[in-house]
Amino acid sequence: GTTPDYGEQRLPQALIIGVKKGGTRALLEAIRAHPDVRAVGTEPHFFDRNYEKGLEWYRNVMPKTLDGQITMEKTPSYFVTNEAPRRIHCMAKDTKLIVVVRNPVTRAISDYTQTLSKKPEIPTFEVLAFKNRTLGLIDASWSAIRIGIYALHLENWLQYFPLSQILFVSGERLITDPAGEMAKVQDFLGLKRIVTEKHFYFNKTKGFPCLKKPEDSSAPRCLGKSKGRTHPKIDPDVIHRLRKFYKPFNVMFYQMTGQDFQWEQEESDK
């Protein structure tokens, strides 16, 4: 969108902090369709990679806003960055945090698929996923797998932020019911529910919902070519082992958040 010449640059009051391959871009584009939200299009990576540049640098990355508008940015790696909770709390302890989560198994495969598209020479998913294939030992240090241990990362955030300041968005429901998830997001941000069913249409080729009219344009906006990649075929046994690996962490995450994301219910249809 075009930045108006009026208003002023403010530090963000809300952040989309994760997770990688969860649906953060889709969420950002949808929330930007709200007239009271101004957001940074690119990921600033301030609280993980650019922190030494200082808050003034960060403020200067922000779009200009009018009174009553919310400034936002998204950087999905914040969720897994150890220093991020303390640093954000240091900026403003009332910052609202949004985490888009997705079934950790499909998230890991999606993550691998993205890396594969950039580096076709990497080993297979199966090779990277196991420390010891014969014993079926999952390599939890591989980032594609580590990111999905949500309970582990969340613990870090809860040392600085109350649960009431963190909204967990289901990456799956963002696709099956975008308007429903967006209602929760707008409520959480204290915004009028302006982004509704009317804003979305389902694109059969892409396999997910697209925005009809995003900010400042009359053309429909689908997510780019890099979204909705076809995942490589992965040995069902590997999927089964990963499911088993994640289950206790998922259960713990459901207990911590008080939300059941139903990732365990999918055994039957996969």
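Placement of Cβ uses the backbone N, Cα and C atoms for every residue, glycine included.
Sequence annotations record features per position, and here TrEMBL assigns domain 'Sulfotransferase' to 12-247. The average pLDDT for the domain 'Sulfotransferase' (12-247) in the predicted structure is 94.
Sequence annotations record features per position, and here TrEMBL assigns 3'-phosphoadenylyl sulfate binding site to Lys21, Gly22, Gly23, Thr24, Arg25, Arg102, Ser110, Lys227, Gly228, Arg229, Thr230, His231. In sequence order, Thr113 are the residues of the chain that are 6 or more apart from Thr230 (3'-phosphoadenylyl sulfate binding site) and have a CB within less than 8 Å of its CB.
The active site, for sulfotransferase activity annotation in TrEMBL covers Lys21. With a cut-off of 8 Å between CB atoms and residues at least 6 apart in sequence, the same chain places Pro76, Arg102, Arg107, Ser110, Asp111, Gln114 near Lys21 (3'-phosphoadenylyl sulfate binding site), listed in sequence order.
Annotation comment: TrEMBL describes Cys210-Cys222 as disulfide bond. Its own atom aside, the Cβ of Cys222 (disulfide bond) has 18 Cβ atoms within 10 angstroms in the protein chains shown.
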Listed in sequence order, residues with CB under 8 A of Arg25 (3'-phosphoadenylyl sulfate binding site) and six or more positions away: Lys74, Leu223, Lys227
Fewest-neighbour residue among binding-site residues, criterion Cβ within 10 Å, set Gly23, Gly228: Gly228
Ser110, Cys210 as recorded positions, winner by CB count within 10 A: Ser110
Residue pair Cys222 (disulfide bond), Gly228 (3'-phosphoadenylyl sulfate binding site) - Cα distance, angstrom, rounded: 11
